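Engineer: Pulled these from Swiss-Prot:
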- 1-26: signal peptide (SIGNAL)
- 27-220: topological domain 'Extracellular' (TOPO_DOM)
- ASN28: N-linked glycosylation site (CARBOHYD)
- ASN81: N-linked glycosylation site (CARBOHYD)
- ASN106: N-linked glycosylation site (CARBOHYD)
- 162-209: region 'Disordered' (REGION)
- 169-178: compositional bias 'Pro residues' (COMPBIAS)
- 179-205: compositional bias 'Low complexity' (COMPBIAS)
- 221-241: transmembrane segment (TRANSMEM)
Amino acid sequence: MAILRSLLLPLGLLLCLWLLCSPASCTNSTTNCKPFLSVTTKKSSLIHISPDIYKSNTLYTVSTQVSHGIISVVLEARDQNKSVIGSWENPSDHCEGRAEYYLKGNFSTLFKAKWMSPNSTDITTVKINIYTVNSLRNAELDSITLPEVGTVTVKHVSTKQVITTPTHKPTPAPPKPTTNPQKTTTNHSIPTTSLPKPTTSLYTSHPKLTTTHKSSANRAFLCPVREAIQILFIFLIGTLLF
């Protein structure tokens with residue numbers, strides 16, 4: 001019996017040590033879920049994720065701006081069935097699929113985390129939830145949804161014709177001037193008083209030079225003849241008288 005007791009004592013100690021270090025008891029960080037005192041939804045989304053389309057077995061980078069007074073950030077990813085999926089890299093605490101990261105310092109900063117999507121083809125959409133928690137465990141929730149490849153609808157705008165409907169009536173444009181300028185109808189009155197036409201012809205108003213020269217020649221010729229006749233007449237009278 002003494003030998004049996006001496007053998008059972010070490011076995012009991014090993015059993016206790018195994019129970020203490022079993023996976024169920026050594027994962028206190030995964031079972032220590034700290035509840036939120038209150039959860040409110042943020043009005044504006046400040047999340048950026050890359051890539052922005054869901055793919056299986058892909059590493060994503062999630063970043064968000066953390067304001068002053070936030071001490072930790074809790075992240076979770078859920079599929080279309082609201083089941084927690086994927087795994088977060090190097091969290092400070094982990095509980096029920098949530099990953100909590102404790103922040104160093106109490107100031108505004110840009111928070112980043114890595115998330116690995118599961119290797120599954122049954123997932124169509126993934127919703128990333130981000131809880132920013134203050135010292136009183138009051139959390140603000142912000143979310144972003146990743147659609148599956150091929151589910152994003154793109155609106156194509158026709159390049160032929162784009163019809164816009166203005167909210168107010170546009171003012172009518174001024175009429176364009178016609179290409180043919182309108183002729184003015186103002187007629188200048190022609191004076192009725194006409195200049196009298198000269199009645200005398202050029203021949204009448206301007207005597208020929210030949211006539212003038214002929215009369216001058218006759219005068220020059222008749223003057224000495226007349227004087228000679230007068231002298232001769234006086235001589236004859238003188239001879240008759242004396």
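Keep in mind that glycine also has a Cβ here, set from the backbone N, Cα and C atoms.
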Engineer: Which residues does ASN81 (N-linked glycosylation site) neighbour through Cβ under 8 Å, counting only same-chain ones at least six apart?
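Structural biologist: The list for ASN81 (N-linked glycosylation site) is empty, so the answer is none.
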Engineer: Can you check how the pLDDT averages out over the topological domain 'Extracellular' (27-220)?
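Structural biologist: Here the predicted model's pLDDT, averaged over the topological domain 'Extracellular' (27-220), is 73.
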